[in-house]
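> This is the structure, below, for whatever I ask next.
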Amino acid sequence: MALAAAAAAAAAGVSQAAVLGFLQEHGGKVRNSELLSRFKPLLDAGDPRGRAARRDRFKQFVNNVAVVKELDGVKFVVLRKKPRPPEPEPAPFGPPGAAAQPSKPTSTVLPRSASAPGAPPLVRVPRPVEPPGDLGLPTEPQDTPGGPASEPAQPPGERSADPPLPALELAQATERPSADAAPPPRAPSEAASPCSDPPDAEPGPGAAKGPPQQKPCMLPVRCVPAPATLRLRAEEPGLRRQLSEEPSPRSSPLLLRRLSVEESGLGLGLGPGRSPHLRRLSRAGPRLLSPDAEELPAAPPPSAVPLEPSEHEWLVRTAGGRWTHQLHGLLLRDRGLAAKRDFMSGFTALHWAAKSGDGEMALQLVEVARRSGAPVDVNARSHGGYTPLHLAALHGHEDAAVLLVVRLGAQVHVRDHSGRRAYQYLRPGSSYALRRLLGDPGLRGTTEPDATGGGSGSLAARRPVQVAATILSSTTSAFLGVLADDLMLQDLARGLKKSSSFSKFLSASPMAPRKKTKIRGGLPAFSEISRRPTPGPLAGLVPSLPPTT
């Protein structure tokens, strides 16, 4: 009796009028988390076996009076312009004696009207549609004397927008052959139950446990749930664990945001698929639900709101890379445009200015934004990690690179996602001053070259290979010059008549006296061999020297 009283109190608090009033009190729009936190205690009160039925009924109430709209990644429950008419209250949520009250024969056929003799089978009609073991609830309660009237099941067919069938059409549909009444394959436990048993097909109100076998035969009376409804049933255990079975710490703002959005997507099933940001949060579910897990800062979700006209015009004009009066006017009206990024490349307006080499655009952007109180990040990175200084060096705009470093204070040690600094994108013909300004480590210990390109610094500023080639070429030219002078001197000596004094001058050595050639004792001297007559056939070919006197 205590559980029944609690269920009745919960039913009185959870109604379509209560949901409608709650939305109207909050201006017609409320977060899903606030809506669930308001009605969750009432849904959890009472018999635990009827919790699923109360939750389904609550979702039907919300669908009747509101829709879901997603703003900036957060789903809001927004009041409908024309709410749907409420359905009659179920018998399990009312007093125990309400099941015995007669109802009109032409009333809407609902699984909770148990007045007619054929009403108890209708109460249990859509139960086989649910997957077995979905919520861990028994098919029929065994401890309540009310029988079918006290069963807390809620058919998912109630959520369909099809008009209800009259009692006459329902009676005709129950007499159709079983070819149209095949149960869905999602109920394997009921596949063996017979579909034709005339004696048990029409039990009275007192027969509470007789006709469980006739559930598949009654399925064609209701419309088959849509695929979205079946997906909702499959995903419902996750929401049940979050709401009731596994209490988790509710103090974390990140966890509250995740639970609120997942409850809207899984529990109510009122909106489309979740965003990529929410899928990333779902993959971290065990870490977020654990009270001992360390909270990680989440990346800001991408904006789902389309661009305003001024933002679109700003992105289009800044991509041209030229400073115009239109850009100046847009920046004066909205100072936040200076930090607006292109959604494809991640470029800001300063990136486009550096890429095109327009120093005036870069200066005006920074100065106007600073005067407006919104300083520009000179070292902002694009999606590839490029800063404006990287782009200026990559496209060979030396003036823009010097302006970014000297005037705007850009950092030269920032690396992109490839690990490269700005000097590594300089072209081969870049100046020495720019390389030194960007911190090229290959220029350490060198001096700046002269204005004419010569001097001692010109040799040191070159690469080692070029230095070696220069030294080799200069040495070779000097050696060839000395050799040429020597040859000219010999030609001059041959042209002159050799006098005794001049011969002595040429033969005399200024350094030291000439050493005599040592002659080995065992071998004859060359002079002796040359004086001997040549025997054989070579006697006429090799001349012999005249004998010395």
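For all residues, glycine too, the Cβ spot is worked out from N, Cα and C.
These numbers come from a predicted model, not from an experiment.
According to Swiss-Prot:
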SIGNAL    1-17  signal peptide
REGION    82-219  region 'Disordered'
COMPBIAS  203-216  compositional bias 'Low complexity'
REGION    235-256  region 'Disordered'
COMPBIAS  235-248  compositional bias 'Basic and acidic residues'
MOD_RES   S260  phosphoserine
REPEAT    345-374  repeat 'ANK 1'
REPEAT    384-414  repeat 'ANK 2'
REGION    513-549  region 'Disordered'
> Could you pull out which residues elsewhere in the chain have a CB under 8 Å from any CB of the repeat 'ANK 2' (384-414), counting only those six or more residues past its ends?
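Result: 345-346, 348, 350-351, 353-359, 362-363, 366, 378, 420-423, 425-427, 430-431, 434, 437-439.
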> Quick one: average pLDDT across the repeat 'ANK 1' (345-374), no decimals.
90
> What does the DSSP secondary structure composition of the repeat 'ANK 2' (384-414) look like, as residue counts for helix, strand and coil?
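For the repeat 'ANK 2' (384-414), the helix, strand and coil counts are 16 helix, 0 strand, 15 coil.
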> Pull the DSSP breakdown for the repeat 'ANK 1' (345-374) and write it out as helix, strand, coil residue counts.
21 helix, 0 strand, 9 coil
